[in-house]
Amino acid sequence: MARFVVVALLVQLSLFGLEAIQHPPKIQVYSRYPADNGKPNFLNCYVSGFHPSDIEVDLLKNGKKIEKVEHSDLSFSKDWSFYLLYYTEFTPNEKDEYACRVSHVTFSTPKTVKWDRNM
């Protein structure tokens, strides 16, 4: 019985220590296909390597939140860091600017990464 209690305590302590770890997300913004003005495409924001899992991701068009956005399920890597993909259909043109805004406990203010049509 004492062995079980010790093992249970060690498991709880290791899980508690995992919550103390914080890693900022890596943010990548890209289109599914090469940008071609006037042709439908998909805008992707891949957020990876972050911990803890609480995160807020918004896709932006000219600084305003895009409402019709889908995302993958929250998943984790071998190192227990998390990753997500947010995406939406869009039609690129010369005048509109697209970006991904991420809020995470590791950032003092939300971080915004602009889409570079040449990437």
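Yeah, the Cβs are placed from backbone N, Cα and C, and that goes for glycine too.
The signal peptide annotation in Swiss-Prot covers 1-20 and rests on similarity to another entry.
The annotation domain 'Ig-like C1-type' is assigned in Swiss-Prot to 25-114.
Sequence annotations record features per position, and here Swiss-Prot assigns disulfide bond to C45-C100 based on sequence analysis. The local packing around C100 (disulfide bond), expressed as other Cβ atoms within 10 Å of its Cβ over all shown chains, amounts to 23.
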Mean pLDDT across the domain 'Ig-like C1-type' (25-114) comes out at 97
Checked against DSSP, the composition of the domain 'Ig-like C1-type' (25-114) is 0 helix, 50 strand, 40 coil
The number of other Cβ atoms within 10 Å of the Cβ of C45 (disulfide bond), counted over all protein chains shown, is 26
